[in-house]
Amino acid sequence: MFSKEDNILRLKDASRAMEICNACRYCETLCPVFPQITQFRTFDKPTLNYLSNLCHNCKGCFHGCQYAPPHEFDLNIPKTFSELRVDSYIQYAFPNILGKLFAKNGTVVSILIAVCIGLLFIVGTYFNSADSLFTAYEGKGSFFKVIPYEIMTLVSGLIFFHVIIAFIVGFRRFWTENGDKMSELKDLSLWKYAMGAAATLKHLDGGDNGHGCNHIDDRFGHSRKWFHHAVMYGFILTLISTTLAAIYHHFLGLHAPYDFDSLVVITGTLGGILMVIGCIGLTYIKIKADPIPISQKLLGMDYSFIAMLALVNITGLLLLVFREGAWMPSLLCIHLGFVLAFFLMMPYCKFVHLLYRLGALLKYAKYVRNN
Ligand code: SF4
Ligand code: SF4
């Protein structure tokens, strides 16, 4: 995505910007990045990786800065940090090659994977019984008449296992890069601060002024925070739904599909609708936003992430509506294709910001604790 020369120039530029900000300090109350930089005299790559993941891209320091373009200092911290962040995702990715592949063309790679997995299920189902792809099934266990339970569990289990390993390795690389020890994570006060800030998206309030982000232009607003909330809590609700479904299946002997008034369907549907709303809102903000503080090179990666998330949920909602019709088998294969492809890309796409942002908040919690 970026050449070696690009990366060296960006690091120099980011380091220069941080030194200017350290002297200026005008933005000190805007977000955690600015109080944190006062602790550094020089800015090497690990420090910049940490700071860029602590940034939540509110663009306040661009619109408020007297040295932003057209000033000759040309400070554009949101853009520089967003490129540094993506570079850090590639650096921490496990295996590294997948990080590079997704960074090169995330949209094509994710759609290809989704189509491959979906096709795999369709072909498997067709060989199982040529009619089953176009048959209306009713009653409990109908999903497993299309894709046998063992196949569904094996494929999703392998992908889930891979994702967990990639997250653990990536987080460890991020956390220890600045010399922090894994054992420091035993301090529950760090988790209390970081989880509190993440759950409330506290820093998207726009620092001390509380007016929100400059997500579109120099006007302040809270809509970006609410759309992020919709995506985050929607995702949590769908995770709750999947966990409940696993408990019902394994411990209560109750098999999908579940009734419309069951907790599995209610949490899953609510989560899906919230995520679709969040995706539409975030796309609108991206389209409308002032392009100068945005890295145009990264827009494709952003849109592919939002599109995949929306497709996972839209196909899931369609499956819910048509689950008793003849379209159910094909819809189930397509939906599973998107779900599994999304899970597979989670450690390499923008989703991983969640992990490193949490890590950066944990590091920042150390600064808060010590000051
Ligand atoms: S972004 Fe600009 S205004 Fe803000 S601290 Fe840095 S130099 Fe000062
Ligand atoms: S864009 Fe917002 S969060 Fe990022 S450094 Fe600037 S003020 Fe802080």
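Every residue gets a Cβ built from N, Cα and C, even glycine.
Here is what TrEMBL records for this protein:
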type	residues	note
TRANSMEM	108-127	transmembrane segment
TRANSMEM	147-171	transmembrane segment
TRANSMEM	230-251	transmembrane segment
TRANSMEM	263-285	transmembrane segment
TRANSMEM	305-322	transmembrane segment
TRANSMEM	328-348	transmembrane segment
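Only pairs six or more apart in sequence are counted, and the transmembrane segment (147-171) with the transmembrane segment (328-348) gives three or more Cβ pairs under 8 Å, enough to call it a contact. Packing against the transmembrane segment (230-251) from elsewhere in the chain are residues 201, 258, 263-265, 267-268, 270-279, 281-282, 309, 313, 316: each is 6 or more residues past its ends and has a CB under 8 Å from a CB in it.
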